[in-house]
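Taken verbatim from TrEMBL:
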COMPBIAS  121-144  compositional bias 'Acidic residues'
COMPBIAS  145-156  compositional bias 'Polar residues'
DOMAIN    6-113  domain 'Nucleoplasmin core'
REGION    121-156  region 'Disordered'
Amino acid sequence: MESESFYGVTLSEKEPIAQFDVPEIPEEYIVHSHKLIIKQISLGPEAKSGEFNVVQAETNVNDDGEKKTVKIPIAVLKVGETRSLRPNVEFPNGSVTFKLVQGTGPVYVCGKAEMNLGEYDDGQMYEEYSDDEDDSELEAEDDCSPQTNGKSNKKK
């Protein structure tokens, strides 16, 4: 089962930090994949002229089995130069913190969260499928002769 949802936050001088966390999933589901995709970052119309607005993303990554925190600017916006970006940046399987590290904003960050859920993991599905087949059904299929164009090959 796949699920998509809109994600949007406003970063400003009053609220310069926004956190995206992976949503709570019921126990009977297995998350096969989850990612946040940022599609657009825009500067609000009331932004100050000449001011740079820098949006930073902070997330955890695995580097040789060790968890590290990465902080990197994903947008630099300025009235009269760049008011909107379409970065199409993906953050797979984890939380992300967006921070307005320079400027007063407002800066709008929007995108979508995608989740691929299943009731079982792949290993469990394979085991259950192979257990459901009965050997007697397989033996019965071996006794039947193959058909061609809907007709039996047996001679009358």
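Yeah, the Cβs are placed from backbone N, Cα and C, and that goes for glycine too.
Bear in mind that TrEMBL entries carry predicted annotations, made automatically and left uncurated.
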Quiz item: Taking DSSP states H, G and I as helix and E and B as strand, how many residues of the domain 'Nucleoplasmin core' (6-113) are helix, strand and coil?
Solution: 0 helix, 72 strand, 36 coil
Self-check item: Integer mean pLDDT for the domain 'Nucleoplasmin core' (6-113)
Solution: 88
